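Notes to accompany the following structure.
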Amino acid sequence: MISAPDVVAFTKEDEYEEEPYNEPALPEEYSVPLFPYASQGANPWSKLSGAKFSRDFILISEFSEQVGPQPLLTIPNDTKVFGTFDLNYFSLRIMSVDYQASFVGHPPGSAYPKLNFVEDSKVVLGDSKEGAFAYVHHLTLYDLEARGFVRPFCMAYISADQHKIMQQFQELSAEFSKASECLKMGNRKAFAGELEKKLKDLDYTRTVLHTETEIQKKANDKGFYSSQAIEKANELANVEKSIIEHQDLLRQIRSYPRQKTKIPDLQPGDTEHTQDQADQVSTTSNPEESANADLYTCRPAYTPKLIKAKSTKCFDKKLKTLEELCDTEYFTQTLAQLSHIEHMFRGDLCYLLTSQIDRVLRKQQPITNFLFEDFVEVDDRMEKQENVPSQPSQDRLPPKPVEECPIPKVLISVGSYKSSVESVLIKMEQELGDEEYTGVEATEARSFDPQENLDYLDMDMKGSISSGESIEVLGTEKSASVLSKSDSQASLTVPLSPHVVRSKAVSHRTISEDSIEVLSTCPSEALIPDDFKASYPSAINEEEAYADNEGAIHFQASAGSPEPDETQEGNLENIPSQIDSSCCIGKESEGHLVPLPTPAYTLSDEDSVVSIPPQRYIQKDQGLHVDFGVENTDPSPRDNSCEMFPAYELDPSCLLASRDVSKMSLDNYSDTTSYMGSAASTSSDRIPSAPPAGLSSERHKKRAGQNALKFIRQYPFAHPAIYSLLSGRTLVVLGEDETIVRKLVTALSIFVPNYGCYAKPVKHWISSPLHIMDFQKWKLIGLQRVASPANVGTLHTLSRYSRYTSILDLDSKTLRCPLYRGTLVPRLADHRTQIKRGSTYYLHVQSMLTQLCSKAFLYTFCHHLHLPAHSEETQEAVASRQTSFLKLNLGLVNEDIRVVQYLAELLKLHYMQESPGTTHPLLRFDYVPSFLYKI
């Protein structure tokens, strides 16, 4: 056998060094030139046309009769936008053909000039030399001093992407037509004003000439006309002819077709003013009589002057600017519309098409949109629905959408659905004065095996330790009873009063032996010993299903209300019994129904506050009723992306009809023991605070997406945190720095499902101790950590309710939450993603959540999954069929099933309520182990 030294002996020293590899030279005819734009940061999205401008812009040009084609202004008005792009040359290109050519002057058989109202021309031009493509919108403005009274202009949207111009031609045409109509309307107004001034000048000149002629006649004793008299007579004749011509022009400009004066972008006041003006024009035929009824008379008094008599065929070469040709108000509005167009079509074609398709698809999916939909789009759809007449024509019935299908009697009650996550039954009594109310249904309990989760513990996380059993908070059921139309209901309708004295209601717990014993024996901060792991399942199996309401949670929040079962039966008698096989759930017809505002609080003799549950729909003739609406504080009338909600956070539990009415949260129902040891526990932190400005703006989406990307890449346990949000488990973000906490809460809010279309269940910042009902209201909470004795109560309550929530500690970089082993969240939040832009990642999240909502919709509205096939089929068989459908048909595994089940529960709750989004789901608990993740 040859050893290594023997091998080395037969080698040379220079053989250890690798010789450099020299590629053979290619002939010149086979050589490929370098990419000419490699120095500009070549990537698949680089502009290959070599355009000299960095972004799209709008150019306004004119074909001047004095200097020819010339650029007037650009939008945005910044030289850095178009760079070295030759605006003069491109203006010559786009204005080389007169697309607005028409005869203006004395037509055959007419003694006076005639104005032709020419339609706009729309063309697409390309310049390969400049690497620019443009949508060009040609229009004609009128100028009294111009040749033929016309001034040709054009507005061009210039881009380096030819496909973008061609694909968006219809949208560009529609938007530029709005700007053109606004500009032309202002031009007609200014042109009519110039004609009026000219007529006043001519009338004054005629009066002066008449006076001078009479003086000359009196001074003439010879009996024949002098040369001066003849000159004055000719000048007077020219003035008379000019007056007739200008009056005819004024009549023509006033007779512009009324239907063309309707501009969608005008403000309501402007539109009404325009219509009134058009009405006056249509009823006025004599130009001299229309001086007081004309639409162009509201202007300062004009002092006439003496002008040189000449025909209107002679023109002054002093031309007006574009701003002078148009009324100031209309010109400003036109520039605003053009700025909106530039912002609207900003970005590449892929982004524009994706956004347009997204908007179209969201309008077609109103059933699941409330879960993750932007509030702006919801408001737009609600406004459109309000504009639809409530009673359509009888001869043609509109098609019924899915959500308007009649409710089958067999599916009326929420109890007919078995929850996908069974609950542990706890009973809580709430004392409010002398009257009590019970309105919560009892559900069964199911055991959970923690050993299965322990076996699948992710070994990549450092220091993962198991805590005590955890109770998952899952909102699934309705929390308020349905009040029937009765005398008692009418008595509850009290006038809204802003002067209400708030007092805390007293609450206590009635502890059941089964459920609370398990809750109190194992603190969440303790580690699970070995002997406890074996006894853990047996402790859970001791939970039995209650046949009645004994041992269940009861929140008694009503005063003198009827029983829930009787109320539901009374309200559901009028529901049609027709069953549609295409859908298994629906809503009542809302043609004659209006929402009643949540009543204020009734002052009792003991000076305490009695909370009345939110009223359902009542008949219009039944007392006070107010239609709810979401305020819009955004001054922009056009850009919907900048719309925002009021300056206070909307409480998902109830929306009062007035902001002046005192707001009452669900703190009255909270556990009073959380106040122990906290001197700083006040109600000030419970008052809804101002959310970040522009919740649905593009800037908010970009920042939220960017911060979410940072969170995913910085924290290796991001997947369990996101799973907690998607599955309905409240996530508490704990930290000292308010700015950091708010940023992270805003970023994680894109993963939080909504209860309704009014507000997300997110609390960005709170400093007082948490109550148990806060976990029902808020699914994402930012909690303050302060190193002071006053904050001991906050940490105490957080430790007490830690089994109800997932806790993300930003200071210690830890997360305590249940284990996640699914495949959905890794695709939703991949730390190795190549996405760099926050807005792009936001669209990615919306796309994934839309797919998730479609699965939840399919699971929710399938008859055979939730109803027994026959009377003898057990609930275990139904649950097995549901699980099989989720795994085999929808391709879900492990914890992904819990996410879809939670979304399905929200869908059921949303469509079983007559006024969705105004109440909270109930607290529902499930035993799951929590694990501590560390970095």
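Any Cβ shown, glycine's included, is placed from N, Cα and C.
When you go through Ser177, Ser416, Ser423, Ser658 in Swiss-Prot, the residue listed as phosphoserine is Ser416. Matching 562-584, 631-653, 677-699 against Swiss-Prot, the residues noted as region 'Disordered' span 677-699. Swiss-Prot marks one residue of Ser290, Ser464, Ser488 as phosphoserine, namely Ser488.
Range annotated as region 'Interacts with WDR41 within the C9orf72-SMCR8 complex' by Swiss-Prot, chosen from 701-753, 860-912: 860-912. Note on the domain 'dDENN FLCN/SMCR8-type' (842-908): its mean pLDDT in the predicted model is 85.
Counting every protein chain shown, the number of other Cβ atoms lying within 10 Å of the Cβ of Thr794 (phosphothreonine) is 25. DSSP states for the region 'Interacts with WDR41 within the C9orf72-SMCR8 complex' (860-912), grouped as helix (H, G, I), strand (E, B) and coil, give 37 helix, 0 strand, 16 coil.
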